[in-house]
Number of protein chains: 2
Amino acid sequence: MPRYKLVIEYDGGAFAGWQRQEDGIVTVQQVIEDAFAKFTETPRMHASGRTDAGVHARGQVAHVTLERTWHPNKLQGALNWYMRPHPVSILSVEEMPIDWHARFSCIGRRYVYRILNRRGLPALEIGRVWFQPSKLDAAAMHEAAQRLIGHHDFSTFRAAQCQANSAMRTLEHLSVERLGDEIHVHASARSFLHHQVRNMVGTLAMVGFGKWSADDVTRALEAKDRAAGGPTAPPDGLYFMEAFY
Amino acid sequence: MPRYKLVIEYDGGAFAGWQRQEDGIVTVQQVIEDAFAKFTETPRMHASGRTDAGVHARGQVAHVTLERTWHPNKLQGALNWYMRPHPVSILSVEEMPIDWHARFSCIGRRYVYRILNRRGLPALEIGRVWFQPSKLDAAAMHEAAQRLIGHHDFSTFRAAQCQANSAMRTLEHLSVERLGDEIHVHASARSFLHHQVRNMVGTLAMVGFGKWSADDVTRALEAKDRAAGGPTAPPDGLYFMEAFY
C-alpha cells in the first residue's frame, strides 16, 4: 500500500473550495479523486488543510494511499491528463512512508495575500488579487502586523463557522511589503483558524487606509471578539503557498 | 482639442489583437473606442504599436484627441466603467501637447516573454505563459541572445505578413533569466518587426533545449531567411510592458 505526496496548484476561482461536497458542486478534491478513478482506483485524499472557495494554491499538499505502486512521474502525468481542462495541476509526486500524513505531519503553513493597489481595475489579475484603488500605507500595515505575531487567542480573527477546539494559535511570521502596484502580506504559522489570514488582512487594510493605528490592532486582538476586528478580505487575493514537514 | 495619453493593461487572450477589425470580432481598440462613445464622442485612437491576438499588455500606450476637455481622472474612471466586463483597464490618463503622438513620438518599446518551465501544467497561469515541460538552460539562452543585439537585418525573425519597409532594426537589449519555475526574456528596441520577439524567443528556446548553439543563432541571423530561424513562440507568454517617449 504505497503512499504518495502530491504538491498541487489550482485556481481557486473555479472551485467551491478544496473539500468534496455532497451536492455536486465542483471542488478541487473531487476533480483529483475523479481523475484517479479514470485510470486506476479511487483513493481517499487528505490535504494539509482545506481552502475556501476562491482561495488559490501554489503549493497545496495532499496524500493518497493506493493499492498499486506507480512511478511518481507516471502518476503525475496521468493525473494532469485526466484533470483537463480543470485549472488544477499536480506539480510533483513523491512516495512517502505509510505513517506520513499530509495533515497530521504538517508542522507549518505559509500563505501570501496579494492586494492590487492602484487606480486602474485589474485586467490581467482579475480574480487573483484584492483590488483596492485607495492608497494603502504598506509600512504602517507592516508595523501593525507585528502586534499579531506570537501565541495569542485569535478569536477576533476567527470565522463564526470555525471548527477548531481552541482559538489559541502561534503566528510565526506576518509581514507586509509593497512591490510596485501590489501589496503582499506574508503569513506563516503551524496552523491557522478558519478565515484567520483574510481577517488579519482586512484588519491591516484599515491601518493601511489610515483609519486604524497599530494600537487599534492590539486592542482588536485583545478584545477576543470577531466584531472588534476589521472586515474579511475576499478570497481572490489569498494563495496557499507551502506546507512544511 | 485636447490630446490624452492613455496607459493600458489588457488580457490579450480575450481579444483578436489591438487593431479594430471590420468583421465584428472583439479587439482592444474597439472596446476602448466603444467605451468613449457611451459617454462622449467617438475618437480615433492611435497606439504605440499593435499587438497580435493573445498578446498581453501591462503598459500599452495610446492617444486620443477629443473635442471636450476632461479631468484625466474622470476620463479614466468613465472608460473603466464603460469597458466592463472586458479585461481592459486604463491605468492612467494624462493630457499631452497636440503634437505628441503615441506611435510617432515613441522612441522605444519593451517586452517581456514568460516561459513556464516545469513538469506540471499551468493552473494559475493558463494563457499567460508558454508552457515548456522540458528543462531549458536559461544561461545558454542568455549567452546566445547576445548574438542578436545591435543593428542587423532581422529577416530571419520577421513574419511573412510584416508590413515594414525594411528589416533593419536595432535591438538594444535582449536578456534571459530564470526566476524559479519561470524563464523571462526581456527585449527592448526602438521598434520591432512583426513577430520579432516571438520568433527570437522560439529560436532561443532551441538553444535552451540544447539543440542549437549560440553559433547556430548567429548563422540563423546571417541567413536573413525566416526558414533559418526557430519556431514562433505562442502569443500567450508575450507582454507589452512599456513605451518610451
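Start at 1 and count along the chain as shown; that gives each residue its number.
Note: Cβ is positioned from N, Cα and C throughout, glycine not excepted.
Remember, predicted model here, so these are calculated numbers, not experimental data.
The following features are taken from TrEMBL:
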| type | residues | note |
| --- | --- | --- |
| ACT_SITE | B:Asp52 | active site, nucleophile |
| BINDING | B:Tyr111 | substrate binding site |
| DOMAIN | B:8-104 | domain 'Pseudouridine synthase I TruA alpha/beta' |
| DOMAIN | B:144-245 | domain 'Pseudouridine synthase I TruA alpha/beta' |
Exercise. Round to a whole number and give the Cα-to-Cα distance in Å for the pair the residue listed as 'substrate binding site' and B:Asp52 (active site, nucleophile).
Key: 13
Quiz item: Between the recorded positions B:Asp52, B:Tyr111, whose Cβ has more other Cβ atoms within 10 Å than any of the rest?
Solution: B:Tyr111
Quiz item: How many of the residues that make up the domain 'Pseudouridine synthase I TruA alpha/beta' (B:8-104) does DSSP mark as helix, as strand and as coil?
Solution: 27 helix, 24 strand, 46 coil
Practice problem: May I ask you to report the DSSP-based helix, strand or coil state of B:Tyr111 (substrate binding site)? | Solution: strand
Self-check item: the domain 'Pseudouridine synthase I TruA alpha/beta' (B:144-245) - residue tally per DSSP class, helix then strand then coil
Solution: 37 helix, 31 strand, 34 coil
